Amino acid sequence: MPRDVSTPAGARAVTAVAPAKINLHLGVGDLRADGFHDLLTVYRAVDLWEQVTVALVDDDDPDVVVVSGPGAAQVPTDRTNLAAKAVDLLRGEAGSGARLAIRIVKGVPVAGGMAGGSADAAAALVATDRLLGLGLGRAALEERAARLGSDVPFCIRGGTALGTGRGETLAPLLHARAEQHVVVAIADGGLSTPVVFAELDRLRAERSETGRDLPRSGGVEALVEALAGQDPARVAGLLANDLEPAALSLMPALRKTLRAGAEAGALHGMVSGSGPTCLFFCADREQAIAVAAEVSETGVAREVRLTHGPVGGAHVIDNPQQTPQKTP
Ligand SMILES: C[C@@](CO)(OP(=O)(O)O)[C@H](O)COP(=O)(O)OP(=O)(O)OC[C@H]1O[C@@H](n2ccc(N)nc2=O)[C@H](O)[C@@H]1O
Ligand SMILES: Nc1ncnc2c1ncn2[C@@H]1O[C@H](COP(=O)(O)OP(=O)(O)O)[C@@H](O)[C@H]1O
């Protein structure tokens, strides 16, 4: 471990945090020629956070990546780590020869459909920008973010936003401020995002041969309108995820998890993005606590967490021990 990677923010180290995302609506179009799918998604940032410290180290110290927290062993510590890719991108662009060490503290499930790796990339961009004094604005950072992954720009932006293109083109949904309390059921094991998209293509082709197309989610107007109100049940009735059948096909045990949430009285349960994390939307914090306890007791999930949103996007923190900003 380089000697000053844990130095509190100052001249030689900067710490930033970035939130997990959920997709309140995830509409998936057909496979494009570039290997991606067009998306129509409503992203929401929730208060599970990744923390990334980027530190200047001496010339003879290596550019290490150190990862701690739940699931850390599954995260690469070479230059394929998304935070390392973010650091390398900005350092290369700046023509800087600085040696930079990275420390990641994970708070988002790994390979869980909540954009943990993307949040690391977002936090690393924000921290490196500050550490190297680049002064890139939010728009320039989001443009770099899109090169690293489809949902990295949203992890920088936070709040609630409409995502189009492959998910990288954002429009803020400023009125969609209705707060949500969501129980997060983390599965044992992960699902690979490209494998889940490919499974959806396979299921769609198979079903279309039988003349019974897999249903596709429609527009988001009603959901966006509901998010401006104060009725969690109305919002819950409008949530959608086109990737859910693919995640369930690859991991059938998730049906049991969804059933446990329904039996516990959640307003709505669904797979988070590409899964396998399952989300249970609740009427209020009290109900979320009760649902979390009941789902936890059934033993269907490796871990159950309570979260809420919307929260803000990636930002520098002065004290790595401090709680991240809670409002967008
Ligand atoms: C599905 C979503 C929903 O928000 O997130 P997760 O639930 O996995 O976190 C995102 O679209 C994931 O975004 P991200 O994890 O950044 O994916 P990328 O690195 O850009 O792409 C990884 C791979 O996923 C597939 N992919 C991704 C985005 C997209 N619009 N169409 C795709 O087909 C492609 O096979 C691509 O090569
Ligand atoms: N910093 C990182 N944190 C987590 N995973 C990373 C990171 N860098 C690369 N990865 C790889 O990206 C994959 C997807 O991880 P993650 O972003 O946590 O899940 P998801 O795409 O389902 O939201 C993981 O299997 C992991 O090997």
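Glycine is no exception: its Cβ is also placed from the backbone N, Cα and C atoms.
Secondary structure at K21 (active site), as computed by DSSP, is strand. Taken from TrEMBL, the feature active site applies to K21 (among others).
Counting only same-chain residues six or more apart in sequence, the Cβ atoms lying under 8 angstroms from the Cβ of D151 (active site) belong to K21, Y43, A115, S118, G163, G167, E168. If you look up TrEMBL, you'll see D151 (among others) marked as active site.
Non-local neighbourhood of P109 (ATP binding site): P70, G71, G116, V184, I186, G190, T277, E303, each in the same chain, at least six residues away, with C-beta under 8 Å from its C-beta. The ATP binding site annotation in TrEMBL covers P109, V110, A111, G112, G113, M114, A115, G116, G117, S118, A119.
Annotated domain 'GHMP kinase N-terminal' per TrEMBL: 81-159, in sequence order.
According to TrEMBL, the feature domain 'GHMP kinase C-terminal' maps to 224-300.
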Residue among binding-site residues A111, A115, A119 with least C-beta crowding, 10 angstrom cut-off: A111
Of P109, A111, G113, A115, G117, D151, recorded positions neighbouring ligand 1, Cβ under 6 A: G113, A115, D151
Binding-site residues close to ligand 2 - of G113, G117, A119, only those whose C-beta is under 6 Å away: G113, G117
Overall pLDDT of the domain 'GHMP kinase C-terminal' (224-300), taken as the mean: 97
Extra residues within 8 Å (Cβ to Cβ centroid of P109, V110, A111, G112, G113, M114, A115, G116, G117, S118, A119), ATP: A20, V108
